[in-house]
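*Asks:* Grabbed the feature section from TrEMBL, which reads as follows:
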type	residues	note
DOMAIN	32-173	domain 'Tyrosine-protein phosphatase'
DOMAIN	93-152	domain 'Tyrosine specific protein phosphatases'
Amino acid sequence: MDPIDMDEKLTNQILALRRVLDMRRYIGRDNLPSKIEEGLFLGSFEAARNKDALKQSNITHILTVAYFLNPLYRNEFVYKVINVADREDENLKQYFDECFDFIEGAKRSGGGVLVHCLAGKSRSVTIVVAYLMRKHGMSLSEALNLAKSKRPIASPNPGFISQLQEYEKSLLGAQSSCCFCSTVISAHIDQCDTTSTM
């Protein structure tokens, strides 16, 4: 092997190792849940480990969106685990509905929910953005901007962004057909009212 190629390979390995160490250092300091809205928090694995902060924030439910992150406080919080990797080809969209139901259940019970992955950057952000889009009728851009305003490192991978774009289209399609149905029903009711008064 050419010595120049070996130097380049070694340099790339050192840079990759430095990125991993920097991320581990950052995650170690990132131990507080970021409040997105009342009852909904976003964070890293370290935030999910910070029992005092969880209790102070009235978090009663924890939604883990990652592989190999086991629930730590099973007797103190309600957990749901979605085992997914942070890969562009991972189908996270298939879990949007059950995650929505879990978040809504936590809020209905008067508690709050922390949605987290390892870094609180991609998988968990994708779930929170999908929730905001469905719950509040936000566009993808509006929901992602809200998440980023509360958690600046929020950055779903490109594959998850594509899934959120598909989800946005499906939500818009559902809203359009509902608007059409309500217009037709409203027109029918108006017609019935006019007929009955004759």
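Cβ from N, Cα, C; glycine included.
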*Asks:* On the 0 to 100 pLDDT scale, where does the domain 'Tyrosine-protein phosphatase' (32-173) sit on average?
*Replies:* 95
*Asks:* Can you count helix, strand and coil residues in the domain 'Tyrosine-protein phosphatase' (32-173) using DSSP?
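*Replies:* For the domain 'Tyrosine-protein phosphatase' (32-173), the helix, strand and coil counts are 68 helix, 25 strand, 49 coil.
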